[in-house]
Amino acid sequence: MKKPPTGTWMPAWVPESTVVLSCLLMICAMVQSATGGYDGSMLNGLNILPSYTDYFNLNPATTGLNTASVFIGCFFGTLCSGVMSDSLGRRPAIFWGSVFTLIGVILQTAAQNIAMFVVARIVLGFGSAVSGVSGSVYLTETFPSRWRAWGVGLLNDFYYVGALIAAGITLGTGEWNSTWAWRAPSLFQGIFSLACIIILPFIPESPRWLVHQGYYEEARLTVALTNSNGDQSDPVALTIYKEILDTLNWEKSQGRTMSPKEIIKTPASRKRLLIGSSAGPFSCIAGNIIASYYLGAELDTAGITDKTDQLKANVVLNAWCLVCCLFGTQLAAKWGRKPTALLSQALLIICLFIIGGLSKMYADNPDGASNALAVYWVETKGKTLEEIDEVFEGEKHSSVPDVELVRQGKEQIDVGKVEQQIVAEEQTVHEP
């Protein structure tokens, strides 16, 4: 372990192994993304739980307010995150963002009414935005360049790690007959920020920020720790450090400052702004926000109204999204960012048109939608051949409960009465 100067009030005890340090860097940054994914999936699950909707006596307007309030905090958090990250340092900005997130989580868990819940989510959103923006910048600036494609790609992939965890927790607590059915998932959301705070003392400050602040020796040591196991004479570490110095010196020679005007000052800056700002809208118009927060309402439209089934669907959805994210990260690293983006957006457009058409066709008759889909792919698990008839014909030809329900003890039959019916029906069958 080395104790490199950080240029801030936060000390650091950094492992000399580049691999170990890279893992810590990834975990610290990725838990911020996991917090966002956890929040979306958790609210998705809570909006399904009667214990949550009944406690706050929610209607469509207040449901939307409870959900959207986190974005109010995110809006103000993004406005402050850049200033905090540049003035305080990347690590302190992540720390304070995580602290605000923990405060929001505590208030959200203890919420007694809608107003308290909304305020809590605004605070939570503010903290998440500050730590999330600072964390992504920090990882990009500090992570070893040879692994950056995967490292930064996994940053967003961990959104669905958090989402999958939240889906599993809400599925588990959904059967609880108390307010802890929704308070427990809310409380667990703070685990990610707490983990980040614990890891921060074991990772260095961003070398780019250190150079910009004039801490050159500290920056060089950080580059060596993140690229060459602390060997400051390593050619790779030296090259990286030299590039950082040359670039910042060139920016100073050109009169570049940290002013917001710089993002629109030159054609190259405007192009970067366009590319950077397009990520948010494109990710939202894909429809994932609707699926992340209002899956229950979507499934109601499709005729899936059982709350347990909806919670299970939430788990499956996030597991599938995680697999797709990992595949997309690999594709972006091997095939390229632009082709991957074009292909994914094209597929999303096709899927959205299909969903829109199906919603228009079947929104007023969800049972019709379910039956139409059953023609192509029916579920026969746990059904006898006779019970499968109901799937295709819409009618069961027997008065007894389904066999699986009886086996599980969910339904009961009168043995004597059924035996009498059997005898009578046997006689009827054998009549000429």
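Please read every residue number as a count from 1 along the shown chain.
Positions of Cβ are set from backbone N, Cα and C atoms, glycine also.
Keep in mind the model is a prediction, meaning the values are calculated, not measured.
The feature signal peptide is assigned by TrEMBL to 1-36.
Annotated domain 'Major facilitator superfamily (MFS) profile' per TrEMBL: 25-432, in sequence order.
The feature transmembrane segment is assigned by TrEMBL to 57-81 (among others).
Under the heading transmembrane segment, TrEMBL lists 93-111 (among others).
Annotated transmembrane segment per TrEMBL: 117-140 (among others), in sequence order.
Residues or ranges marked as transmembrane segment in TrEMBL: 152-174 (among others).
Marked as transmembrane segment by TrEMBL: 186-203 (among others).
Summarising the annotation, TrEMBL assigns transmembrane segment to 273-295 (among others).
For the transmembrane segment (315-333), the list of distant contacts is 37, 41, 149-150, 153-154, 156-157, 159-161, 163-164, 166-168, 171, 288, 291, 295, 340, 344: same-chain residues at least six beyond its ends, Cβ to Cβ under 8 Å. Residues or ranges marked as transmembrane segment by TrEMBL: 315-333 (among others).
Look at TrEMBL and you will find 340-358 (among others) tagged as transmembrane segment.
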Checklist outcome for this item: Other same-chain positions with a Cβ less than 8 Å from the transmembrane segment (186-203) and lying at least 6 residues past its termini are 10-15, 21, 24-25, 27-28, 31-32, 34-35, 38-39, 42, 46, 91, 94-95, 98-99, 101-102, 105-106, 108-109, 124, 127, 131, 135, 142, 162, 165-166, 169
Checklist entry - Which whole-number mean pLDDT does the model give the domain 'Major facilitator superfamily (MFS) profile' (25-432)? => result 78
Next on the checklist: Which sequence-distant residues neighbour the transmembrane segment (152-174)? Criterion: at least 6 residues beyond either end, Cβ under 8 Å.
Outcome noted: 26, 29-31, 33-42, 44-46, 48-49, 135-136, 139-140, 143, 180-182, 184-185, 188-189, 192, 292, 307-308, 311-312, 314-315, 317-319, 321-322, 325-326, 328-329, 332-333
Checklist outcome for this item: The answer for the transmembrane segment (57-81), taking Cβ pairs under 8 Å and residues 6+ beyond its ends, is 39, 43, 47, 93, 97, 104, 114, 117-119, 121-130, 132-134, 293-294
Checklist entry - Which sequence positions outside the transmembrane segment (93-111), separated from its termini by at least 6 residues, show Cβ-Cβ distances below 8 Å to it? => result 10, 28, 32, 35, 73, 77, 81, 84-85, 117, 119-132, 134-135, 138, 183, 186-187, 189-190, 193-194, 196-197, 200
